[in-house]
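Reading through the structure tokens given below for one structure.
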Amino acid sequence: MDWVNVSIPQEFILLGFSDRPWLEFPLFVVFLISYIVTIFGNLTVILVSRLDSKLHTPMYFFLTNLSVLDLCYTTSTVPQMLVNLHSTRKVISYGGCVVQLFMFLSLGATECVLLAVMSFDRFAAICRPLHYPVIMHQRLCLQLAAASWVTGFVISVWMSTLTLQLPLCGPYVIDHFLCEVPALLKLSCVDTTANEAELFFGSVLFHLTPLILILISYAFIAQAVLRIQSAVGRQKAFGICGSHLIVVSLFYGTAISMYLQPPSANSKDRGKMVSLFYGIIAPMMNPLIYTLRNKEVKEAFKRLVARVFLTKE
């Protein structure tokens, strides 16, 4: 096939919200505030979980991993987005685009697996309370966390390679505010049906498989909770799982709407909104969900603040 204007571009133009210029300054302010809140919230969770010995448990170890993941997520997308919102020349280098694509896919896949691991931890805590310290020992926790990150890396390499090997035709204009698979596929000079099918299979694999495992875990958890005679005990058990269920619902609700629905006339705007949720809203909300609903974290934070003030005195 004779491709016209096929080459590796030096940079891409990210249209972002250029079609709504009146929105750019308000969005810049909102995204900047959200980014600051995200950094502060996730760093707080990490510090509290590491510095308070009472939180040296598997649950908070995995929560720390989730906070690190969210920090990486926002940092891979939001700074570039803020620069483009504040600039008239909205571009990203080819190398920057490749890194952003890889990070976005890798961290998304890692979060899918990590949420499944966290649900298994809750299953062990509620359904096997007497054996919980033996089941969730330190070595297994490290292995599960490492498996989550490695799985995300492998899936990202696979999906990034499928996307980047396609020849691209100019003009190199991406109708998005970040480098994401669906937006890059639209720049290809060739038929992408086979690639889209493979990418869809990959999306199903790393979205639905962990989701099924999460649902199975919570089916057993629900059975165990219903067998608890005490109302206080049931409330405590639901409290332990409540924050995780909210995070899972938010994450998978947007993921399915993005990757596992057929294209529509509104798919472009839908993709932007879902990416905003992935990159900004979810990382900001996760630490708030876990801290506002979690008595242990709030008490640990108070102890940490008190320790800091006592040290100063």
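Please read every residue number as a count from 1 along the shown chain.
Heads up, the Cβ atoms here are built off N, Cα and C, so glycines get one too.
These come from TrEMBL:
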DOMAIN    41-290  domain 'G-protein coupled receptors family 1 profile'
TRANSMEM  25-48  transmembrane segment
TRANSMEM  60-78  transmembrane segment
TRANSMEM  98-120  transmembrane segment
TRANSMEM  140-159  transmembrane segment
TRANSMEM  204-226  transmembrane segment
TRANSMEM  238-261  transmembrane segment
TRANSMEM  273-292  transmembrane segment
Under 8 Å for C-beta pairs, could you tell me which stretch among 25-48, 98-120, 140-159, 204-226, 273-292 has the largest tally with the transmembrane segment (60-78)?
98-120
Mind pulling out the one from 25-48, 98-120, 140-159, 273-292 with the most Cβ pairs under 8 angstroms to the transmembrane segment (204-226)?
98-120
Give, as a single whole number between 0 and 100, the mean pLDDT over the domain 'G-protein coupled receptors family 1 profile' (41-290).
83
